[in-house]
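Colleague: Below are the features listed in Swiss-Prot for this protein:
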ACT_SITE  205  active site, proton donor
ACT_SITE  340  active site, proton acceptor
BINDING   163, 340, 369, 370, 391  (2R)-2-phosphoglycerate binding site
BINDING   242, 288, 315  Mg(2+) binding site
């Protein structure tokens, strides 16, 4: 039995230079579990609420001292003396302590930091990796990475509407090989942009963030980069997109406004046609948030139109929430769910969503947030849950490569038992 001796929280900085919370859970035996909580830029309306201080004189209102105080004064006293191995019971207690539907009282950041730190302390107590503690002996599948190589939307100050353009090395034989392929394409894209006199500055998630003639130009440059790296688009490497359509949806007018590029406005039906054309034209394997979070009719049309051809991922749509996912399953909307722990707020609730998705044949993609830290928990989680896919940004920022490097270590540790997921979407 490993008993919690103390729970401590501190304020650190995330990859955007904004404060976030880091929690330490220490046991009587001297083991320490430490977890840092990320933050999103394009957040879903239905996400659990992260608590910010809103004091404009300090960190422009983005401090997290209130959340830290809640950990120290409310959460810590009720966890001290409990076993770190009672994850479900501890997470349930945290939810009850908060007492709101969206964790607005204590803050999802305070709760999640504690939840993950408990799991890490438990793994440390047993002297086993986190992925093995969560997933057991069946945790051996390395995920296919969605490697972000171009940023737009809310993640970049450019004129591209679509938030993320990613490459998926589906023909790789190992995670290490997949990562190498993605790195080679990333650098080839940088060379292409430079040759054309375009900026090679990067966005929030490490992908290039140049101003381009159009959204289509990003696709064309990426195809060129794949070929220049020596690979066949659609055979060796496919393309995944995160449209983040909620960001350019005008709900009051029920139109999608491509305001950063051409300025065109599309109805839901017209946007479905837009995606149909792109799927026919380009080797796209996955589209995340192709419609806005509450455009259920648009999502239904999109799923009917191309759901048998590509992976349709709900991020803002489902927000890692079992109730939202259950509604999507009932209405046959999308076929995959993005898993972000801070959208729901505890490890146990995250696992509930993953299990519900698996039960109904939906794919799971374990994901980072745009405001990240050096914490690599999601790498372990992807392997623990045999999710098969991970989305953790580009290969040019340490907050992103920390996750990729952890997956390299895990693959090495698993040795001959490791399996690479490969092609993520098979109908």
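The chain as shown is numbered from 1 upward.
A Cβ is built for glycine as well, from the same backbone N, Cα and C atoms used for every other residue.
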Colleague: May I ask you to report the DSSP-based helix, strand or coil state of residue 340 (active site, proton acceptor)?
Modeller: coil
Colleague: Near residue 315 (Mg(2+) binding site), meaning Cα within 10 Å, which of 163, 340, 370, 391 (recorded positions)?
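Modeller: So far as Cα distances go, the recorded positions lying within 10 Å of residue 315 (Mg(2+) binding site) are 340.
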Colleague: I need the nearest neighbour of residue 370 ((2R)-2-phosphoglycerate binding site) among the recorded positions 205, 242, 288, 340, using C-alpha distances.
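Modeller: For residue 370 ((2R)-2-phosphoglycerate binding site), the spatially nearest of the recorded positions is 205.
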Colleague: Do any of 242, 288, 369 (binding-site residues) have a CA within 10 A of residue 340 (active site, proton acceptor), and if so which?
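Modeller: Neighbours among binding-site residues, in sequence order: 369.
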Colleague: When you average the Cβ positions of 242, 288, 315 for the Mg(2+) site, which other residues in that chain have a Cβ within 8 Å of that mean position?
Modeller: 163, 164, 241, 243, 244, 287, 289, 313, 316, 338, 391
Colleague: At the Cα level, what's the spacing in Å between residue 288 (Mg(2+) binding site) and residue 391 ((2R)-2-phosphoglycerate binding site), rounded?
Modeller: 11
Colleague: Anything within 10 Å of residue 242 (Mg(2+) binding site)? Look among the recorded positions 163, 205, 369, comparing CA atoms, and list what you find.
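Modeller: The recorded positions close to residue 242 (Mg(2+) binding site) (Cα within 10 Å), listed in sequence order, are 163.
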